[in-house]
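Chemist: Next up is a structure, given as structure tokens.
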Amino acid sequence: MSLQFTKYQGLGNDFILIDNRNEATPLLTPEQAVDICDRHFGVGADGVIFLLPATGETDYTMRIFNSDGSEPEMCGNGIRCLARFAADLEGHALTATPRYRIHTLAGTITPQVRSDGQVTVDMGQPRLLAGEIPTTLKPAAEKVIAQPLQVGGRSWSVTCVSMGNPHCITFVENVAAIDLHTLGPQFEHHPAFPQRINTEFIEVIRPDYLKMRVWERGAGMTLACGTGACAALVAAVLNDLSEPRATVELPGGPLEIEWSAPGQAVLMTGPAEQVFQGVL
């Protein structure tokens, strides 16, 4: 195999980016992605992202394979890295501010690279009905807000949000005390979530400042999750715990999230940085 790649990271959530613009099919298989993401015997990453040709009236298409070979609908930190990758491939100066329409399995997502190196992403509207998550915690046409869920021998109050991929959010007094390695898989594989679930544990420091830890479906514990931070802010607003705009602090650093009102899109702003280039 001789395939160029570039590694990017967004708040420590790291990805191998592949220039796939000349082929509509990913240049690597899910099985190859698992090997390449291995941090001991491969390059090491949370996932492999492919920049593919446009679909319909978009600029590019995004596909991603997680480190376990599964394919999520979307990845918030990943799409910021993809936008920075596209801008770099197109030869834009670091001060340029290109805006892209990216086709994903979750729909069209619109990131804009900013002159300060940050990327702001229009993540679209959150989906709140149980059938859209999906989850069996409530009837398909009802919202799942502060619903009890039995996990690990205790009852958790959970709120479910889809940002194109499924999230289960619970609010805790001390997020640092959560045994994520034990609870994460139990939430992810709970029978109430037929497509598995991303799980966010949130500590509300102030109405405009949330601390979060995440267990990602297919990737495990990561330093950051962009869609998870968006889902967390939405859940906090729905539970009257947060203002419409807040900083979500993750182990890898902060994201700025805004959801002005139900029916409106969620905006996410955060960094995306190139780490190194290589050849597989």
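Placement of Cβ uses the backbone N, Cα and C atoms for every residue, glycine included.
Sharing the record's features from Swiss-Prot:
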ACT_SITE  Cys75  active site, proton donor
ACT_SITE  Cys225  active site, proton acceptor
BINDING   Asn13, Asn66, Gly76, Asn77, Asn165, Asn198, Glu216, Arg217, Gly226, Thr227  substrate binding site
Chemist: For the binding-site residues listed here (Asn13, Asn165), which one has the lowest count of neighbouring CB atoms within 10 Å of its own CB?
Modeler: Asn165
Chemist: Test of understanding: give the count of other CB atoms lying within 10 angstroms of the CB of Gly76 (substrate binding site).
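Modeler: So the number of other Cβ atoms within 10 Å of Gly76 (substrate binding site) is 28.
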Chemist: If we check Cα distances from Cys75 (active site, proton donor), which of the recorded positions Asn13, Glu216, Cys225 wins as closest?
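Modeler: Closest by Cα distance to Cys75 (active site, proton donor) among the recorded positions Asn13, Glu216, Cys225: Cys225.
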Chemist: How many neighbouring Cβ atoms, not counting its own, are there within 10 Å of the Cβ of Gly226 (substrate binding site)?
Modeler: 30
Chemist: Under 8 Å between C-beta atoms and at least six apart in sequence, can you list the same-chain neighbours of Glu216 (substrate binding site), or say none if there are none?
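Modeler: Residues satisfying the criterion: Asp46, Asn66, Asn198, Thr222, Cys225, Gly228.
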Chemist: Using only the Cα atoms of Asn13, Asn66, Gly76, Asn77, Asn165, Asn198, Glu216, Arg217, Gly226, Thr227, which the record gives as binding substrate, return the largest interatomic distance in Å, rounded to a whole number.
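Modeler: Those residues reach a largest Cα separation of 17 Å.
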Chemist: Would you mind pulling the DSSP three-state label for Asn13 (substrate binding site)?
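Modeler: Going by the DSSP assignment, Asn13 (substrate binding site) falls within a strand, counted as strand.
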Chemist: By a 10 A CB contact count over all chains shown, which of the active-site residues listed here is most packed: Cys75, Cys225?
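Modeler: Checking each of Cys75, Cys225, the winner is Cys225.
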Chemist: Under DSSP, is Glu216 (substrate binding site) part of a helix or a strand, or is it coil?
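Modeler: In three-state terms, Glu216 (substrate binding site) counts as strand.
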Chemist: I want the residues beyond Asn13, Asn66, Gly76, Asn77, Asn165, Asn198, Glu216, Arg217, Gly226, Thr227 whose C-beta is within 8 angstroms of the mean position of the substrate site's C-beta atoms, in chain order.
Modeler: Pro72, Met74, Cys75, Gly78, Val214, Ala219, Thr222, Cys225, Gly228
